Amino acid sequence: MAKPKAFVSLEDVSIEAFDRSLMGATHGRVLFKELSWEMRENEQWAILGPNGSGKSVLAEVIAGTHPVTKGKIVYHFPQDKIAYVNFDSQKSALGDGAFLQDRWNIGLREDAPSVSDFLSIPILRNKTKYRDVIRDFGLQPLLKRKLIELSNGERRKVWIARALLKNPRLLILDNPFEGLDEDFRKELPKILTRLMKGHITLAYVAAEATMIPAGVTHILRIDDDGSVSYGTRKEMLGSGKRERMLPKSTKGRKSIGRILVQMKNVNVSYSGVQILRDINWTVRERERWALFGPNGSGKTTLLSLILADNPQAYANDIMLFGKKRGTGESIWEIKKSIGWVSPELQLYYPHGATCLDIVCSGWFDSIGLYRNATVDQREIALAWLQRFGLAEHAATPLAELSEGEQRLVLLARALVKNPTLLILDEPCQGLDTAYRTRVLEAIDWVAKQHNAAMIYVTHRADELPKSITNILRLDKKQPRSSI
Amino acid sequence: MARINFGGVVEDVVTRDEFSLEKARKILKKEVVAVLGYGVQGPAQALNMRDNGIKVIVGQKSGSPSYDKAVKDGWVPGKTLFSLEEAAERATIIQFLVSDAGQMMTWPSIRKHLTKGKALYFSHGFGMVFNDQTGIKPPKNVDIILVAPKGSGRSVRINFLNGSGINASYAVQQDASGRAKERALALGIALGAGYMFPTTFKNEVYSDLTGERGILMGALAGVMEAQYNELRKHGHSPSEAFNETVEELTQSLIRLVGENGMDWMYANCSTTAQRGALDWKPKFRKAVEPVFRDLYKSVKSGNETRITLKANSAKDYKKKLNKELKEIHESEMWRAGAAVRSLRPENWKKK
């Protein structure tokens with residue numbers, strides 16, 4: 001039997017991580033040494049590895065956007081037929097000047113590209129394909145929106161759709177299911193399976209085996225010690241685990257704690273699009289809320305009202321920590337009581353900052369460190385890094401850490417001041433089991449130890465901390481709350 | 001007040017550490033600040049002051065795109081969003097942030113609401129300094145103050161939200177209440193200034209107009225063109241002429257100068273570049289000194305203002321202007337520039 005033809009070949013390749021925020025490549029830690037591996041035609045691959053194992057860098061190497069320090073990589077097809085989607089690549093398309101609260105600051109908006117601008121790729125001539133992709137991904141309602149206005153989950157959908165529109169031979173998806181809501185998480189594997197039956201070769205990159213799409217035939221696994229093994233799916237895996245469903249409601253409990261957040265008939269809309277409709281919601285001391293809702297249902301916008309990041313808070317009836325918005329409070333007084341982490345924070349935080357400085361910026365609620373932290377503050381910050389096993393990276397720029405490690409640094413930033421209210425917007429997105437367990441344990445510990453109230457956003461049941469007491473579910477059409 | 005030594009000259013600089021937000025809020029406690037004009041500086045200053053707990057209202061003509069933007073930014077018609085005139089009436093501090101030309105037009109309707117004890121605030125001294133031309137002549141019983149942030153509206157907002165702050169200059173033209181200076185400083189802190197440098201209305205305008213006509217745009221574009229044309233005359237290709245004139249400057253050199261200064265640049269370039277650049281610097285300086293002398297004179301005499309106001313009021317100005325801009329846009333040099341930019345590594349990766 002003739003062996004299938006080679007598709008991508010890595011020949012004795014050595015790879016180092018480097019800091020992308022600096023001009024030119026500086027040498028970083030060695031991730032792979034003399035790795036030889038081949039993807040053949042008609043094979044579909046999953047690349048698995050825990051956070052920080054270098055799986056994303058390996059994906060970049062295959063995509064041709066990260067140099068190898070030794071050996072070579074050979075493509076047996078035109079190299080411009082590679083489409084690569086990862087979390088990092090999203091920022092560049094948003095423009096150099098984009099900032100965290102851009103979504104909600106309309107008066108200062110500069111001309112920004114819309115979703116349909118972004119999806120209009122010159123090399124794309126196939127109108128049927130465009131229509132199919134827009135339909136499969138449910139993007140019709142988003143086409144006129146600005147990229148900057150999309151939610152984390154919507155943005156991820158648009159990025160994957162764009163990659164498909166390029167008509168790639170090789171499609172590399174780094175953690176594509178992260179940030180997607182339950183419905184689309186079921187839909188995407190079907191789309192991918194269809195594509196694999198067509199002419200696309202998939203390289204699916206993830207921390208864990210749970211979500212590997214059905215059509216994947218081969219697996220490359222990077223272990224904790226950095227060793228690489230690969231083989232057929234059957235050789236590499238036993239039977240997969242099934243995903244749990246999100247709970248519909250919790251037992252709930254009568255709470256009599258002080259009111260921290262109170263919203264009355266809150267409405268937010270932009271250019272005729274109603275993002276939030278008549279929200280009534282009260283969060284009290286010691287309550288731990290799970291916030292659910294499909295992509296684009298307004299979860300992050302709702303949180304931005306509490307975080308004092310959204311100017312429309314002034315046009316609504318919102319009480320925060322005993323004071324009505326717009327009665328002489330400053331946003332810094334509000335932020336002082338809140339510890340917060342979100343995919344957007346990770347996207348926009350300057351990646352050249354060192355880990356210790358980032359954790360210290362939690363004391364000042366600043367994005368970047370612009371004031372001198374005291375010795376005590378630095379010590380506490382370092383203790384949090386230690387708790388997450390990142391003390392050795394105190395002086396390392398964020399850019400040199402993996403996505404999962406970056407999350408832990410930002411989580412430490414949120415926890416460092418023992419906040420009254422913790423707002424955790426998909427804190428486990430992109431984390432492997434080991435990291436997820438550490439994060440959830442830390443969250444439960446803080447909630448218990450300091451009686452912090454919590455609002456926790458996730459699309460996944462296995463990412464829910466034990467301490468959840470209440471649930472708010474946002475609907476795309478008619479938000480309603482249940483207790 | 002921090003006394004900071006700028007190359008041997010000591011200047012008094014106000015920092016947010018000594019002049020805290022708390023102090024600013026106390027000073028502004030009884031004030032209603034009206035930001036007139038929701039254009040470029042207006043939104044940034046209004047949003048930042050509101051986010052710092054200051055009582056702010058916005059004045060903007062309804063039905064305009066800027067009015068819609070203000071609504072989307074959480075300003076509520078009839079509560080915190082009014083017409084220019086009504087906002088001026090309700091305010092104790094009037095921030096006059098409409099465009100230079102717009103100031104002239106709207107001044108009469110603002111003037112009548114400038115009653116005793118109010119403050120008139122500018123972020124640019126233009127309207128006041130040249131008031132023989134603009135007609136902006138406030139009464140004697142109001143404060144006239146200025147805070148000019150050193151950045152676009154967008155960067156004023158971004159630097160506020162990320163917690164870093166922005167530098168600004170401040171000035172007092174007329175102190176009727178005895179509180180003019182503290183009002184100016186408090187407003188500066190409230191809009192997010194980290195450091196504030198003292199200036200006067202005149203100095204702010206003269207340096208601003210000289211800078212933009214000089215090295216920031218006029219002189220820069222002029223010397224770039226001169227060098228590009230000379231290279232082209234001797235047979236260099238457009239890409240080469242552009243690369244050696246603009247691309248190297250904007251993509252590497254000017255960033256290094258920003259970080260380390262021109263002195264460092266001189267000390268850290270190749271010996272060939274170093275010798276030549278040292279020898280040619282005085283020649284260029286000598287060549288342009290008379291031009292700068294004329295420029296400053298023209299600014300100070302009000303001639304530049306006359307030209308600007310006259311041009312802006314001409315009916316066919318927009319048409320003439322577009323023709324001038326089109327000429328630059330379609331020149332070989334800047335078309336070559338567009339092509340060179342599209343070939344930058346970060347741009348071809350995106351394709």
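Cβ atoms here come from the backbone N, Cα and C positions, even for glycine.
These come from TrEMBL:
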- B:10-199: domain 'KARI N-terminal Rossmann' (DOMAIN)
- B:200-347: domain 'KARI C-terminal knotted' (DOMAIN)
- B:Asp208, B:Glu244, B:Glu248: Mg(2+) 2 binding site (BINDING)
- B:Asp208, B:Glu212: Mg(2+) 1 binding site (BINDING)
- B:Ser270: substrate binding site (BINDING)
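Known features from TrEMBL, placed on the structure.
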{"residue": "B:Asp208", "record": "Mg(2+) 2 binding site", "Cβ contacts under 8 Å, 6 or more apart": "B:His124, B:Gly125, B:Ala148"}
{"residue": "B:Glu212", "record": "Mg(2+) 1 binding site", "Cβ contacts under 8 Å, 6 or more apart": "B:Gly218"}
{"residue": "B:Glu244", "record": "Mg(2+) 2 binding site", "Cβ contacts under 8 Å, 6 or more apart": "B:Gln227, B:Leu231, B:His236"}
{"residue": "B:Glu248", "record": "Mg(2+) 2 binding site", "Cβ contacts under 8 Å, 6 or more apart": "none"}
{"residue": "B:Ser270", "record": "substrate binding site", "Cβ contacts under 8 Å, 6 or more apart": "none"}
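B:Glu212 (Mg(2+) 1 binding site) falls within a helix when secondary structure is assigned with DSSP. DSSP gives B:Glu244 (Mg(2+) 2 binding site) a helix state.
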